[in-house]
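Asks: So TrEMBL lists these for the protein:
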DOMAIN    A:21-244  domain 'MacB-like periplasmic core'
DOMAIN    A:282-395  domain 'ABC3 transporter permease C-terminal'
TRANSMEM  A:21-41  transmembrane segment
TRANSMEM  A:271-303  transmembrane segment
TRANSMEM  A:324-346  transmembrane segment
TRANSMEM  A:366-385  transmembrane segment
Amino acid sequence: MTPADTLRFATRAATGYPLRTALMVLAMSIGVAAVVILTALGDGARRYVVNEFSALGSNLVIVLPGRTATGGFGLGNLITSTPRDLTVRDAEALLRAPLVTRMAPLSVGNSEIAYGGRLREAMVVGTNGDYVDIRAFRMAEGSFLPREDLGRASAVAVLGTKLREELFGSEPAVGRMVRVGDRRLRVIGVLGKTGQGLGMNTDELVFMPVATAQAMFNTNNLFRIIVEARSREAIGPAKQQLEDIMRLRREGELDVTLITQDAVLGTFDRILGALTMAVAGIAAISLAVAGILVMNVMLVAVTQRTAEIGLLKALGATGRNIRLAFLTEAALLSLAGAITGYALGHLGAWGLRLAFPVLPAWPPDWAVFAGIGTALTTGILFGVMPARRAARLDPVQALSRR
Amino acid sequence: MAQIELSGIERIFKLGDSEVHALHELSVSIECGEYVAVMGPSGSGKSTLLNLLGLLDRPNAGTYRLEGRDVTTLSPDEQAEVRRTRIGFVFQSFHLVPRLTAAENIALPLMLAGIPPAERHTRVAQALKDFGLEPRASHRPEELSGGQRQRVAIARATIMRPAVILADEPTGNLDRTTGQDVTHLLEELNASGVTLIVVTHDPVMGGRARRRLMMEDGRLLQDVREPAPA
Ligand SMILES: Nc1ncnc2c1ncn2[C@@H]1O[C@H](COP(=O)(O)OP(=O)(O)OP(=O)(O)O)[C@@H](O)[C@H]1O
Ligand SMILES: [Mg+2]
């Protein structure tokens, strides 16, 4: 019996019992579809988070005061005890690292901002002119903070787009004077819409030179320093150089923490990746169940077709012929189920993307392969036993059954 | 050398503690091209004998030589090949595969033998013509009459041009006239040189055979030969 004939024979057998075949294909396809949809959801969530973080800028190292033991990323080590202040002088020193291209100090505090009769609570960010480039923000109006000596407390401010909206409405904002805390500052620019980034909504911030902010809050302290490395690959060595500089400035003791965006991203990536795997694993269980169903259906098929098997043996079929025919049939049913499930899964993922446009719910390639692979493997594995049973049937008894 | 030589065949079925001697000390030889009817009461071992001859069953003792070769010691795959190439079966209940058309049923042995589709096609077309089944080629068994079904089964049994045709009550499920048609068909095949061994309860059909093996309780009671009709 040639392979082509085996295939044709098995196809005829599968299509000869349409209801049985349809049910089995359905069971198998639900399993595969579950894998495809659930991994699309999981991986979509992962990609969503990764994209959100990537929006921060690509090769950043964040320096914060205080030392944490682990160096890993978690909410706990964002708040660190502060043995020594991080100053503007530190920030300037960091620029001497050869692998560092740009740097932005951050001084943060809460204040109120007023224009005309309108008054609002707002978060103040004191920084420098490079911040806008490091974060890759777009300006909606005017320009960002001037590039000048960090010690100069110019009386200028840049507003987030939402803040501008609330204070000025349709009036022009650039050139107007606003009051922030006890100071009067000239608005020189408005940021374009940026949306969320690391919990701070940039659209509601007011930016001013770091010296202005520090004077306003009466502090020498920096909240963070954001450093941009030359390239993604340079992040590791750059971090080393930054640590060396800081150690030199602290008499050999390193009392700052350096967080790379890779570490942050990596953590989320790992958590959500593991979640996706777990979800895929759960979905795969439904495939195993489908596999058991394949086995049962094939066992029933063997019983139903006992007389036919006896006949084939009388016509000179070898045990191998019969085993292969039944195995091929099981494989075909699984394949049909896998393909249907794949299509259903993509349909489901498409539905997810329609329902949640922000979620890039595309099933990852590995999940699609794993789903279809598992379907085929379980189908064939669970088809082996019925096929062997068929091949071992005693032809005389098989023929006497009707 | 006879085509079929059985000597000292024993076939014992064990049912719990009791044993059934379905065949006992059976020795018989059949020449090439003979027309043999196997007759006897129900349970006398006729079907058991036919299954043995067709290599669907193995004896507990004794030897079976087919065309000079001891076939009882062959491996299952070798036996399958002998069945495929040398033996054709015709059954009382036809045993057609219900989902396959008449033509596909006839083609089954050719497919199992791995004969290429083109040759298969011409041979099946010829068989359909020979057995008057051309208009029924693409019908499925449920759409055929009993006589037509048995004709499909006989076409299938002969498509590999076997040396022996084994028929177990081939007319048992057919009415008288249809049964006679089938009998004539088998006899025509025999006339072309194929050995024909038929199990039958029908004395008329048995009477037509030139040799009758009368069985009882697993033994060969009588071996009646008639001179070939002129
Ligand atoms: N698989 C089996 N297990 C046990 N006993 C069996 C088996 N097959 C046949 N027998 C017994 O062997 C004996 C011969 O059976 P066999 O089928 O050869 O009879 P038969 O001559 O063909 O009868 P019938 O004319 O009714 O078809 C019977 O007693 C039967 O019960
Ligand atoms: Mg019988």
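The backbone N, Cα and C atoms fix where each Cβ goes, and this holds for glycine too.
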Asks: Residues of the same chain, at least six outside the transmembrane segment (A:324-346), with any C-beta under 8 angstroms of its C-beta?
Replies: 1, 6-7, 9-11, 13-14, 21, 24-37, 40, 290, 294, 297-298, 301-302, 363, 368, 371-372, 375-376, 378-380, 382-384, 386-387, 390-391
Asks: Give the nonlocal contacts of the transmembrane segment (A:366-385) in its own chain as ranges (CB under 8 Å, at least six residues past its ends).
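Replies: Long-range Cβ neighbours of the transmembrane segment (A:366-385): 28, 31-32, 35-36, 39-40, 43, 276, 280, 283-284, 287-288, 290-292, 294-295, 298-299, 326-327, 329-331, 333-335, 337-339, 341-342, 345.
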Asks: Could you give the number of helix, strand and coil residues in the domain 'ABC3 transporter permease C-terminal' (A:282-395) as assigned by DSSP?
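Replies: Counting residues per DSSP class in the domain 'ABC3 transporter permease C-terminal' (A:282-395), I get 98 helix, 0 strand, 16 coil.
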Asks: Average pLDDT across the domain 'ABC3 transporter permease C-terminal' (A:282-395)?
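Replies: Reported value for the domain 'ABC3 transporter permease C-terminal' (A:282-395) is a mean pLDDT of 88.
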Asks: At a C-beta cut-off of under 8 Å, are there same-chain residues at least 6 beyond the transmembrane segment (A:271-303) that contact it? List them, or none.
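Replies: Distant Cβ neighbours of the transmembrane segment (A:271-303) are 13, 17, 20, 23-24, 27-28, 30-32, 34-35, 38-39, 41-43, 45-46, 49, 309, 326, 329-330, 333-334, 337, 364, 367, 370-371, 374-375, 378-379, 381-383, 385-387, 389-390, 393.
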